[in-house]
Amino acid sequence: MVVKKIALFGATGNTGLTTLAQAVQAGYEVTVLVRDPSRLPSEGPQPAHVVVGDVRQPADVDKTVAGQDAVIVLLGTRNDLSPTTVMSEGAQNIVAAMKAHGVDKVVACTSAFLLWDPSKVPPRLQDVTDDHIRMHKVLQQSGLKYVAVMPPHIGDHPLTGAYTVTLDGRGPSRVISKHDLGHFMLHCLTTDKYDGHTTYPSHVYE
């Protein structure tokens, strides 16, 4: 099936904003769920539909997923490193809504820390990483076509489209531009070769 309509969760984060812009420019009809619509860009590419709500509210998620062909998940906690369940709760609601509406493809971003020895995760990032782990398990057990994107450090470098994607392990670099990360998330909608895999996009920038 050709994906034309997508739900984007986490659209107002750094990677979310560039993914939204690239998706609209690529011709996708994008629906976003946001708590604060004022965080969406006032100029440039705009989502086709904006649902104001919270990913922890099943009804808000259901409204966002209905009628879509695929889902992109870029949920995060910004700079809040305290214990959280927002990503795993959100993933549970997203999976339930996808099953209810017959949507079977999801591309979800967590973190490269899931590829590390757990004892090497920096203590200050442990709580967020724990919720990423819970979120990943929700996807693994969903029965859906899921792509788990586990990026290294996310930088501000320009879009290259020339990044390396390593399956089920870590790659040649410890950085990926937010623009290249968004590009890869969208690329995953056009192929099934990453379905069921963990993917590590990275690039050696100039």
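Cβ atoms here come from the backbone N, Cα and C positions, even for glycine.
Among the features that Swiss-Prot reports, NADP(+) binding site is placed at GLY10, 12-15, ARG35, 38-39, 54-55, 75-76, ARG78, MET87, CYS109, HIS132, 153-154, with the record citing similarity to another entry. Every protein chain considered, the tally of other Cβ atoms within 10 Å of the Cβ of ASN14 (NADP(+) binding site) stands at 17.
If you look up Swiss-Prot, you'll see SER42 (among others) marked as phosphoserine, on the strength of similarity to another entry. Taken residue by residue with DSSP, SER42 (phosphoserine) is part of neither helix nor strand, so it is coil.
As annotated by Swiss-Prot, phosphoserine applies to SER82 (among others), with the evidence given as similarity to another entry. A coil conformation is recorded for SER82 (phosphoserine) in the three-state DSSP classification, outside any helix or strand.
Residues or ranges marked as active site, S-nitroso-cysteine intermediate by Swiss-Prot: CYS109 (among others). In the three-state DSSP scheme, CYS109 (active site, S-nitroso-cysteine intermediate) is classed as strand. Same-chain residues at least 6 positions away in sequence with a Cβ under 8 Å from that of CYS109 (active site, S-nitroso-cysteine intermediate) are, in sequence order, GLY10, THR15, VAL73, LEU74, LEU75, VAL149, MET150, PRO151, LEU181, MET185.
If you look up Swiss-Prot, you'll see CYS188 (among others) marked as active site, S-nitroso-cysteine intermediate, on the strength of similarity to another entry. In the three-state DSSP scheme, CYS188 (active site, S-nitroso-cysteine intermediate) is classed as helix.
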Return the count of C-beta atoms lying within 10 angstroms of the C-beta of GLY10 (NADP(+) binding site), excluding that atom itself. 24
Rounded to the nearest Å, what's the C-alpha distance separating SER82 (phosphoserine) and HIS132 (NADP(+) binding site)? Just drop the number here, would you? 13
If I take the alpha carbons of HIS132 (NADP(+) binding site) and CYS188 (active site, S-nitroso-cysteine intermediate), what is the distance between them in whole Å? 20
Which residue among the binding-site residues ARG78, HIS132 has the fewest other Cβ atoms within 10 Å of its Cβ, if you could check? ARG78
